[in-house]
Amino acid sequence: MVSAHQSLPRVVVAAPASGHGKTTVATGLLAALRRRGLTVSPHKVGPDYIDPGYHALAAGRPGRNLDPFLVGADRIAPLLRHGASVPTPADIAVVEGVMGLHDGAVGRRDYASTAHVARLIEAPVLLVLDTTAQGRSAAALTLGMAAFDPAVRIGGVILNRVGSPRHETLLRDALAEVGVPVLGAVTRAAEVAAPARHLGLVPVAERAPESVAIVTALAELVEATVDLDAVLDLARTAPPLTTPAWDPVAAVGGPAGVERPRIALAGGPAFTFSYAETAELLTAAGADVVTVDPLRDPALPTGTRAVVIGGGFPEAYAQTLADNTGLRAELADFDGPIVAECAGLLYLGRSLDGVPMCGRLDLTARMTDRLTLGYREALAVTDSPVARAGEPVRGHEFHRTTTDPGHGDAPAWRWNDTEHGFVAGRVHASYLHTHWAGHPDAARRLVEACR
(Lines of atoms letter the chains of each structure in order from A and count residues from 1; the text may use other names and numbers.)
(Lines give C-alpha, C1' and ligand atoms only; values in the text may rest on other atoms or scores of the structure.)
Protein backbone atom coordinates (compact mmCIF):
# COMPACT_ATOMS: atom_id res chain seq x y z
CA MET A 1 0.00 0.00 0.00
CA VAL A 2 1.14 3.54 -0.73
CA SER A 3 2.36 5.43 2.34
CA ALA A 4 -0.01 7.83 4.07
CA HIS A 5 1.93 10.90 2.87
CA GLN A 6 3.07 11.31 -0.69
CA SER A 7 4.23 14.22 -2.79
CA LEU A 8 2.37 14.00 -6.10
CA PRO A 9 2.81 16.97 -8.43
CA ARG A 10 -0.59 17.65 -9.95
CA VAL A 11 -2.51 20.26 -11.90
CA VAL A 12 -6.15 20.72 -12.92
CA VAL A 13 -6.85 21.92 -16.46
CA ALA A 14 -10.02 24.03 -16.33
CA ALA A 15 -11.89 26.70 -18.28
CA PRO A 16 -14.64 29.29 -17.76
CA ALA A 17 -17.04 27.14 -19.83
CA SER A 18 -17.22 24.22 -22.23
CA GLY A 19 -15.67 24.81 -25.63
CA HIS A 20 -12.57 26.71 -24.54
CA GLY A 21 -10.19 23.84 -25.38
CA LYS A 22 -9.70 21.88 -22.14
CA THR A 23 -9.52 18.51 -23.85
CA THR A 24 -7.09 19.76 -26.49
CA VAL A 25 -4.74 21.19 -23.87
CA ALA A 26 -5.08 18.36 -21.34
CA THR A 27 -4.54 15.60 -23.90
CA GLY A 28 -1.64 17.43 -25.51
CA LEU A 29 -0.12 18.11 -22.11
CA LEU A 30 -0.33 14.44 -21.13
CA ALA A 31 1.32 13.35 -24.36
CA ALA A 32 4.00 16.05 -24.28
CA LEU A 33 4.98 15.26 -20.70
CA ARG A 34 5.14 11.56 -21.54
CA ARG A 35 7.41 12.34 -24.49
CA ARG A 36 9.72 14.01 -21.98
CA GLY A 37 10.11 10.66 -20.27
CA LEU A 38 7.74 11.37 -17.39
CA THR A 39 5.16 8.90 -16.10
CA VAL A 40 1.88 10.79 -16.24
CA SER A 41 -1.38 9.86 -14.49
CA PRO A 42 -4.47 11.03 -16.45
CA HIS A 43 -7.76 11.95 -14.78
CA LYS A 44 -11.10 13.50 -15.77
CA VAL A 45 -13.60 15.33 -13.56
CA GLY A 46 -17.12 14.01 -14.03
CA PRO A 47 -18.62 10.84 -15.50
CA ASP A 48 -17.48 11.17 -19.13
CA TYR A 49 -16.05 8.04 -20.75
CA ILE A 50 -14.69 9.42 -24.01
CA ASP A 51 -12.11 12.00 -22.90
CA PRO A 52 -10.38 9.44 -20.64
CA GLY A 53 -9.89 7.27 -23.72
CA TYR A 54 -7.85 10.02 -25.35
CA HIS A 55 -6.07 10.60 -22.05
CA ALA A 56 -5.13 6.91 -21.87
CA LEU A 57 -3.75 6.97 -25.40
CA ALA A 58 -1.72 10.08 -24.57
CA ALA A 59 -0.42 8.89 -21.20
CA GLY A 60 -0.04 5.16 -21.84
CA ARG A 61 -2.06 4.18 -18.77
CA PRO A 62 -5.80 4.12 -17.94
CA GLY A 63 -7.66 7.42 -17.86
CA ARG A 64 -9.65 7.62 -14.64
CA ASN A 65 -12.66 9.64 -13.53
CA LEU A 66 -12.95 11.77 -10.40
CA ASP A 67 -16.65 12.33 -9.75
CA PRO A 68 -17.83 13.24 -6.23
CA PHE A 69 -21.47 12.65 -7.14
CA LEU A 70 -20.88 9.08 -8.29
CA VAL A 71 -18.33 7.93 -5.71
CA GLY A 72 -18.56 10.41 -2.82
CA ALA A 73 -16.30 13.36 -2.06
CA ASP A 74 -14.28 11.37 0.47
CA ARG A 75 -13.06 8.96 -2.23
CA ILE A 76 -11.75 11.57 -4.69
CA ALA A 77 -8.25 12.07 -3.28
CA PRO A 78 -7.85 8.33 -2.57
CA LEU A 79 -8.89 7.50 -6.15
CA LEU A 80 -6.44 10.07 -7.48
CA ARG A 81 -3.65 8.48 -5.47
CA HIS A 82 -4.67 5.01 -6.61
CA GLY A 83 -4.62 6.04 -10.26
CA ALA A 84 -1.24 7.68 -9.79
CA SER A 85 0.13 4.51 -8.14
CA VAL A 86 -0.82 1.75 -10.61
CA PRO A 87 0.64 0.12 -12.54
CA THR A 88 3.68 2.23 -11.56
CA PRO A 89 4.05 5.44 -9.52
CA ALA A 90 3.45 8.57 -11.58
CA ASP A 91 5.69 11.63 -11.70
CA ILE A 92 2.73 13.97 -12.21
CA ALA A 93 -1.08 13.84 -12.40
CA VAL A 94 -3.01 15.91 -14.93
CA VAL A 95 -6.74 16.33 -14.23
CA GLU A 96 -9.02 17.63 -16.97
CA GLY A 97 -12.03 19.52 -15.66
CA VAL A 98 -15.63 19.44 -16.81
CA MET A 99 -17.78 22.30 -18.15
CA GLY A 100 -16.95 25.62 -16.49
CA LEU A 101 -14.65 25.73 -13.46
CA HIS A 102 -17.44 26.41 -10.95
CA ASP A 103 -20.28 24.50 -12.67
CA GLY A 104 -21.52 21.72 -10.41
CA ALA A 105 -24.40 19.25 -10.36
CA VAL A 106 -27.73 20.98 -10.96
CA GLY A 107 -29.18 22.32 -7.72
CA ARG A 108 -26.03 21.58 -5.71
CA ARG A 109 -24.02 24.80 -6.16
CA ASP A 110 -20.49 23.71 -7.09
CA TYR A 111 -20.75 20.13 -5.82
CA ALA A 112 -19.00 17.77 -8.27
CA SER A 113 -17.59 20.75 -10.18
CA THR A 114 -14.00 21.13 -11.31
CA ALA A 115 -13.50 23.66 -8.50
CA HIS A 116 -14.85 21.16 -5.96
CA VAL A 117 -12.44 18.47 -7.15
CA ALA A 118 -9.52 20.93 -7.21
CA ARG A 119 -10.23 21.70 -3.54
CA LEU A 120 -10.54 18.03 -2.62
CA ILE A 121 -7.17 17.17 -4.17
CA GLU A 122 -5.54 20.51 -3.24
CA ALA A 123 -4.33 21.11 -6.78
CA PRO A 124 -3.53 24.36 -8.59
CA VAL A 125 -5.62 25.22 -11.64
CA LEU A 126 -4.34 25.91 -15.14
CA LEU A 127 -7.07 27.97 -16.84
CA VAL A 128 -7.61 27.56 -20.59
CA LEU A 129 -9.12 30.67 -22.19
CA ASP A 130 -10.69 30.92 -25.62
CA THR A 131 -9.49 34.42 -26.48
CA THR A 132 -11.50 34.80 -29.67
CA ALA A 133 -12.77 38.38 -30.05
CA GLN A 134 -11.44 39.61 -26.71
CA GLY A 135 -8.40 41.40 -25.35
CA ARG A 136 -8.14 42.95 -21.88
CA SER A 137 -11.46 41.36 -20.97
CA ALA A 138 -9.60 38.05 -20.76
CA ALA A 139 -7.75 39.42 -17.74
CA ALA A 140 -10.99 40.60 -16.13
CA LEU A 141 -12.53 37.18 -16.70
CA THR A 142 -9.51 35.45 -15.19
CA LEU A 143 -9.50 37.76 -12.18
CA GLY A 144 -13.19 37.10 -11.60
CA MET A 145 -12.72 33.34 -11.85
CA ALA A 146 -9.88 33.54 -9.32
CA ALA A 147 -11.77 35.77 -6.88
CA PHE A 148 -15.01 33.79 -7.01
CA ASP A 149 -13.56 31.08 -4.74
CA PRO A 150 -10.25 31.98 -3.07
CA ALA A 151 -9.81 28.32 -2.06
CA VAL A 152 -9.33 27.47 -5.74
CA ARG A 153 -5.90 28.69 -6.82
CA ILE A 154 -5.52 29.66 -10.47
CA GLY A 155 -1.79 29.33 -11.00
CA GLY A 156 -1.58 30.14 -14.68
CA VAL A 157 -3.40 30.62 -17.97
CA ILE A 158 -3.08 29.06 -21.41
CA LEU A 159 -4.39 31.34 -24.12
CA ASN A 160 -6.29 29.46 -26.84
CA ARG A 161 -7.31 30.56 -30.34
CA VAL A 162 -5.00 33.56 -30.33
CA GLY A 163 -5.44 35.54 -33.54
CA SER A 164 -2.02 37.11 -34.11
CA PRO A 165 1.27 38.05 -32.40
CA ARG A 166 -0.21 41.47 -31.64
CA HIS A 167 -3.26 39.81 -30.07
CA GLU A 168 -1.00 37.62 -27.93
CA THR A 169 1.00 40.62 -26.71
CA LEU A 170 -2.20 42.44 -25.76
CA LEU A 171 -3.43 39.43 -23.79
CA ARG A 172 -0.13 38.83 -22.02
CA ASP A 173 0.16 42.47 -20.99
CA ALA A 174 -3.40 42.49 -19.61
CA LEU A 175 -2.88 39.30 -17.60
CA ALA A 176 0.43 40.59 -16.25
CA GLU A 177 -1.51 43.52 -14.77
CA VAL A 178 -3.60 41.13 -12.66
CA GLY A 179 -0.64 38.95 -11.69
CA VAL A 180 -1.61 35.74 -13.49
CA PRO A 181 1.21 34.16 -15.51
CA VAL A 182 0.62 33.02 -19.08
CA LEU A 183 2.07 29.54 -19.54
CA GLY A 184 1.19 29.11 -23.20
CA ALA A 185 -0.52 30.56 -26.25
CA VAL A 186 -2.15 28.46 -28.99
CA THR A 187 -3.08 30.19 -32.24
CA ARG A 188 -6.29 29.55 -34.16
CA ALA A 189 -4.33 28.24 -37.13
CA ALA A 190 -2.60 25.61 -34.97
CA GLU A 191 -5.76 23.98 -33.59
CA VAL A 192 -6.18 20.23 -33.94
CA ALA A 193 -9.69 18.86 -34.47
CA ALA A 194 -10.89 15.50 -33.14
CA PRO A 195 -13.75 13.59 -34.80
CA ALA A 196 -17.15 14.17 -33.19
CA ARG A 197 -20.34 12.17 -32.72
CA HIS A 198 -23.74 12.88 -31.18
CA LEU A 199 -22.50 12.23 -27.62
CA GLY A 200 -19.19 14.06 -27.98
CA LEU A 201 -15.84 12.93 -29.34
CA VAL A 202 -15.59 9.62 -31.17
CA PRO A 203 -14.04 7.05 -28.80
CA VAL A 204 -10.38 6.21 -29.34
CA ALA A 205 -11.06 2.50 -29.89
CA GLU A 206 -13.24 3.27 -32.89
CA ARG A 207 -10.60 5.23 -34.80
CA ALA A 208 -7.31 3.92 -33.49
CA PRO A 209 -4.95 5.10 -36.30
CA GLU A 210 -6.66 8.48 -36.56
CA SER A 211 -6.68 8.84 -32.77
CA VAL A 212 -2.95 8.15 -32.55
CA ALA A 213 -2.32 10.82 -35.18
CA ILE A 214 -4.51 13.30 -33.30
CA VAL A 215 -2.73 12.70 -29.99
CA THR A 216 0.67 13.02 -31.67
CA ALA A 217 -0.39 16.32 -33.24
CA LEU A 218 -1.66 17.57 -29.87
CA ALA A 219 1.65 16.66 -28.22
CA GLU A 220 3.56 18.59 -30.87
CA LEU A 221 1.17 21.53 -30.51
CA VAL A 222 1.67 21.73 -26.74
CA GLU A 223 5.43 21.28 -27.04
CA ALA A 224 5.56 24.24 -29.42
CA THR A 225 3.20 26.58 -27.56
CA VAL A 226 3.24 25.76 -23.83
CA ASP A 227 6.02 26.28 -21.28
CA LEU A 228 6.19 22.73 -19.96
CA ASP A 229 8.79 23.62 -17.34
CA ALA A 230 6.44 26.26 -15.94
CA VAL A 231 3.57 23.75 -15.88
CA LEU A 232 5.75 21.29 -13.98
CA ASP A 233 6.79 24.01 -11.53
CA LEU A 234 3.11 24.85 -10.97
CA ALA A 235 2.21 21.18 -10.42
CA ARG A 236 4.99 20.87 -7.84
CA THR A 237 3.39 23.57 -5.69
CA ALA A 238 0.61 21.13 -4.72
CA PRO A 239 1.05 20.01 -1.10
CA PRO A 240 1.59 16.35 -0.14
CA LEU A 241 -1.58 14.27 -0.08
CA THR A 242 -2.31 12.94 3.39
CA THR A 243 -5.06 10.46 2.54
CA PRO A 244 -4.27 6.79 1.78
CA ALA A 245 -4.75 5.51 -1.75
CA TRP A 246 -8.03 3.79 -2.56
CA ASP A 247 -7.65 0.02 -2.35
CA PRO A 248 -10.06 -2.21 -4.31
CA VAL A 249 -9.32 -5.20 -2.07
CA ALA A 250 -10.28 -3.23 1.03
CA ALA A 251 -13.35 -1.85 -0.77
CA VAL A 252 -14.81 -5.31 -1.42
CA GLY A 253 -13.44 -6.98 1.70
CA GLY A 254 -11.11 -9.23 -0.26
CA PRO A 255 -11.91 -12.38 -2.26
CA ALA A 256 -14.61 -14.64 -0.87
CA GLY A 257 -13.48 -18.21 -1.46
CA VAL A 258 -10.70 -19.87 -3.42
CA GLU A 259 -12.56 -20.34 -6.71
CA ARG A 260 -12.02 -17.55 -9.27
CA PRO A 261 -15.13 -17.43 -11.46
CA ARG A 262 -14.54 -16.02 -14.93
CA ILE A 263 -16.41 -12.79 -15.70
CA ALA A 264 -16.39 -11.40 -19.24
CA LEU A 265 -16.43 -7.62 -19.73
CA ALA A 266 -17.67 -6.44 -23.12
CA GLY A 267 -15.11 -4.34 -24.98
CA GLY A 268 -14.08 -3.44 -28.50
CA PRO A 269 -15.19 -0.45 -30.58
CA ALA A 270 -18.94 -0.85 -29.87
CA PHE A 271 -18.64 -1.01 -26.06
CA THR A 272 -15.98 1.46 -24.94
CA PHE A 273 -17.70 2.93 -21.86
CA SER A 274 -16.18 1.38 -18.76
CA TYR A 275 -14.48 2.65 -15.63
CA ALA A 276 -11.11 1.03 -14.88
CA GLU A 277 -12.17 0.42 -11.29
CA THR A 278 -14.88 -2.04 -12.41
CA ALA A 279 -12.37 -4.68 -13.48
CA GLU A 280 -10.16 -3.90 -10.48
CA LEU A 281 -13.02 -4.43 -8.04
CA LEU A 282 -14.14 -7.66 -9.70
CA THR A 283 -10.58 -8.96 -9.59
CA ALA A 284 -10.23 -7.93 -5.95
CA ALA A 285 -13.48 -9.76 -5.16
CA GLY A 286 -12.00 -12.95 -6.59
CA ALA A 287 -13.00 -12.96 -10.25
CA ASP A 288 -10.91 -13.88 -13.28
CA VAL A 289 -11.76 -10.91 -15.52
CA VAL A 290 -11.53 -11.36 -19.29
CA THR A 291 -12.69 -9.31 -22.27
CA VAL A 292 -15.15 -10.21 -25.02
CA ASP A 293 -15.64 -8.14 -28.18
CA PRO A 294 -19.23 -8.59 -29.42
CA LEU A 295 -18.18 -7.34 -32.86
CA ARG A 296 -15.53 -10.00 -33.45
CA ASP A 297 -15.68 -12.83 -30.92
CA PRO A 298 -17.98 -15.67 -32.03
CA ALA A 299 -18.50 -16.92 -28.48
CA LEU A 300 -17.93 -16.02 -24.86
CA PRO A 301 -14.53 -16.98 -23.44
CA THR A 302 -14.49 -20.59 -22.28
CA GLY A 303 -15.71 -20.94 -18.72
CA THR A 304 -17.49 -17.57 -18.53
CA ARG A 305 -19.79 -17.44 -15.50
CA ALA A 306 -21.06 -13.84 -15.76
CA VAL A 307 -21.09 -11.01 -18.31
CA VAL A 308 -20.86 -7.23 -17.88
CA ILE A 309 -21.87 -5.13 -20.91
CA GLY A 310 -21.28 -1.42 -20.49
CA GLY A 311 -22.02 1.59 -22.64
CA GLY A 312 -20.86 2.65 -26.06
CA PHE A 313 -22.24 3.14 -29.54
CA PRO A 314 -23.93 -0.09 -30.70
CA GLU A 315 -26.03 1.93 -33.15
CA ALA A 316 -22.85 2.65 -35.14
CA TYR A 317 -22.16 -1.09 -35.44
CA ALA A 318 -25.68 -2.52 -35.34
CA GLN A 319 -25.41 -4.66 -38.47
CA THR A 320 -22.01 -6.06 -37.50
CA LEU A 321 -23.36 -6.93 -34.06
CA ALA A 322 -26.35 -8.57 -35.72
CA ASP A 323 -24.12 -10.57 -38.05
CA ASN A 324 -22.37 -12.15 -35.05
CA THR A 325 -25.20 -14.63 -34.65
CA GLY A 326 -23.20 -17.10 -32.58
CA LEU A 327 -22.52 -14.72 -29.71
CA ARG A 328 -26.05 -13.30 -29.87
CA ALA A 329 -27.52 -16.77 -29.53
CA GLU A 330 -25.19 -17.63 -26.67
CA LEU A 331 -26.14 -14.49 -24.75
CA ALA A 332 -29.84 -15.15 -25.38
CA ASP A 333 -29.50 -18.52 -23.64
CA PHE A 334 -26.74 -17.70 -21.12
CA ASP A 335 -27.79 -18.85 -17.64
CA GLY A 336 -25.27 -16.82 -15.63
CA PRO A 337 -25.68 -13.25 -14.36
CA ILE A 338 -25.62 -10.46 -16.95
CA VAL A 339 -25.21 -6.80 -15.97
CA ALA A 340 -25.88 -4.28 -18.75
CA GLU A 341 -25.76 -0.49 -18.84
CA CYS A 342 -27.15 1.69 -21.63
CA ALA A 343 -25.58 0.22 -24.80
CA GLY A 344 -25.63 -3.16 -23.09
CA LEU A 345 -29.37 -2.74 -22.50
CA LEU A 346 -29.91 -2.06 -26.21
CA TYR A 347 -27.78 -5.03 -27.23
CA LEU A 348 -29.79 -7.42 -25.04
CA GLY A 349 -33.10 -6.31 -26.59
CA ARG A 350 -34.88 -7.75 -29.62
CA SER A 351 -33.83 -5.03 -32.04
CA LEU A 352 -32.13 -1.65 -32.39
CA ASP A 353 -33.60 0.54 -35.13
CA GLY A 354 -35.04 -2.63 -36.65
CA VAL A 355 -31.72 -4.50 -36.66
CA PRO A 356 -31.88 -7.77 -34.68
CA MET A 357 -29.99 -7.90 -31.39
CA CYS A 358 -29.72 -10.68 -28.78
CA GLY A 359 -33.39 -11.01 -27.89
CA ARG A 360 -32.61 -11.74 -24.27
CA LEU A 361 -34.94 -8.92 -23.16
CA ASP A 362 -38.40 -8.33 -24.60
CA LEU A 363 -37.85 -4.77 -25.79
CA THR A 364 -37.14 -2.80 -28.92
CA ALA A 365 -34.91 0.26 -29.08
CA ARG A 366 -34.56 3.16 -31.48
CA MET A 367 -32.49 6.30 -31.90
CA THR A 368 -34.18 9.66 -31.26
CA ASP A 369 -33.26 13.33 -31.61
CA ARG A 370 -33.61 13.87 -27.86
CA LEU A 371 -30.54 13.81 -25.62
CA THR A 372 -31.20 12.33 -22.18
CA LEU A 373 -28.45 13.17 -19.72
CA GLY A 374 -27.84 14.00 -16.11
CA TYR A 375 -27.11 12.62 -12.68
CA ARG A 376 -29.67 10.31 -11.09
CA GLU A 377 -30.33 9.35 -7.48
CA ALA A 378 -31.92 5.94 -7.85
CA LEU A 379 -33.40 3.28 -5.61
CA ALA A 380 -33.11 -0.38 -6.51
CA VAL A 381 -36.60 -1.80 -7.02
CA THR A 382 -35.86 -5.51 -7.50
CA ASP A 383 -33.22 -7.80 -6.04
CA SER A 384 -30.60 -8.61 -8.68
CA PRO A 385 -27.03 -9.90 -8.97
CA VAL A 386 -25.70 -6.39 -8.20
CA ALA A 387 -28.30 -4.63 -6.03
CA ARG A 388 -30.83 -5.26 -3.30
CA ALA A 389 -34.31 -3.74 -3.35
CA GLY A 390 -34.43 -0.45 -1.48
CA GLU A 391 -30.73 0.35 -1.82
CA PRO A 392 -29.84 3.88 -2.98
CA VAL A 393 -27.43 4.18 -5.90
CA ARG A 394 -26.09 7.22 -7.73
CA GLY A 395 -25.52 7.12 -11.47
CA HIS A 396 -25.89 9.09 -14.65
CA GLU A 397 -27.68 8.86 -18.00
CA PHE A 398 -26.24 9.87 -21.37
CA HIS A 399 -28.03 8.63 -24.50
CA ARG A 400 -30.24 9.46 -27.48
CA THR A 401 -32.27 6.27 -27.57
CA THR A 402 -35.51 5.00 -26.12
CA THR A 403 -36.84 1.52 -25.41
CA ASP A 404 -40.34 0.08 -25.69
CA PRO A 405 -41.29 -0.74 -23.00
CA GLY A 406 -39.33 1.63 -20.77
CA HIS A 407 -39.14 -0.90 -17.94
CA GLY A 408 -40.01 -4.49 -17.23
CA ASP A 409 -42.47 -6.09 -14.84
CA ALA A 410 -39.56 -6.22 -12.39
CA PRO A 411 -37.85 -2.82 -12.83
CA ALA A 412 -34.21 -2.28 -11.97
CA TRP A 413 -34.46 1.26 -10.55
CA ARG A 414 -36.78 4.07 -9.58
CA TRP A 415 -35.94 7.77 -9.76
CA ASN A 416 -38.08 10.87 -10.12
CA ASP A 417 -41.12 8.73 -9.20
CA THR A 418 -40.64 6.64 -12.36
CA GLU A 419 -39.49 3.05 -12.77
CA HIS A 420 -36.63 2.21 -15.13
CA GLY A 421 -34.81 -0.80 -16.47
CA PHE A 422 -35.24 -4.53 -16.31
CA VAL A 423 -34.49 -7.36 -13.91
CA ALA A 424 -35.32 -10.59 -15.72
CA GLY A 425 -34.07 -13.73 -14.07
CA ARG A 426 -30.35 -13.13 -13.57
CA VAL A 427 -30.22 -10.15 -15.92
CA HIS A 428 -29.94 -6.58 -14.61
CA ALA A 429 -30.17 -3.99 -17.40
CA SER A 430 -30.93 -0.27 -17.56
CA TYR A 431 -29.81 3.07 -18.96
CA LEU A 432 -28.14 3.98 -15.66
CA HIS A 433 -24.32 4.19 -15.71
CA THR A 434 -22.83 3.53 -12.28
CA HIS A 435 -19.30 3.80 -10.90
CA TRP A 436 -18.67 0.76 -8.74
CA ALA A 437 -16.08 2.54 -6.59
CA GLY A 438 -19.13 4.35 -5.21
CA HIS A 439 -20.93 1.08 -4.38
CA PRO A 440 -18.36 -1.74 -4.40
CA ASP A 441 -20.92 -4.22 -3.08
CA ALA A 442 -22.03 -4.57 -6.72
CA ALA A 443 -18.73 -6.23 -7.60
CA ARG A 444 -18.73 -8.46 -4.55
CA ARG A 445 -22.31 -9.58 -5.16
CA LEU A 446 -21.72 -10.32 -8.82
CA VAL A 447 -18.77 -12.56 -7.98
CA GLU A 448 -20.77 -14.29 -5.25
CA ALA A 449 -23.64 -14.84 -7.71
CA CYS A 450 -21.24 -16.83 -9.92
CA ARG A 451 -20.39 -19.36 -7.23
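Just so it is clear, glycine is given a Cβ too, placed from its N, Cα and C backbone atoms.
Automatic, uncurated: that is what TrEMBL annotation is.
Features of the protein shown, as given by TrEMBL:
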ACT_SITE  Cys342  active site, nucleophile
DOMAIN    11-199  domain 'CobQ/CobB/MinD/ParA nucleotide binding'
DOMAIN    262-439  domain 'CobB/CobQ-like glutamine amidotransferase'
SITE      His433  site 'Increases nucleophilicity of active site Cys'
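Geometry remark: Cys342 (active site, nucleophile) versus His433 (site 'Increases nucleophilicity of active site Cys'), CA distance 7 Å. Mean pLDDT for the domain 'CobQ/CobB/MinD/ParA nucleotide binding' (11-199) in this predicted model: 94. In the three-state DSSP classification, Cys342 (active site, nucleophile) falls within coil. For His433 (site 'Increases nucleophilicity of active site Cys'), other Cβ atoms within 10 Å of its Cβ number 22.
Counting Cβ atoms from all protein chains shown, the residue listed as 'active site, nucleophile' has 24 others lying within 10 Å of its own Cβ.
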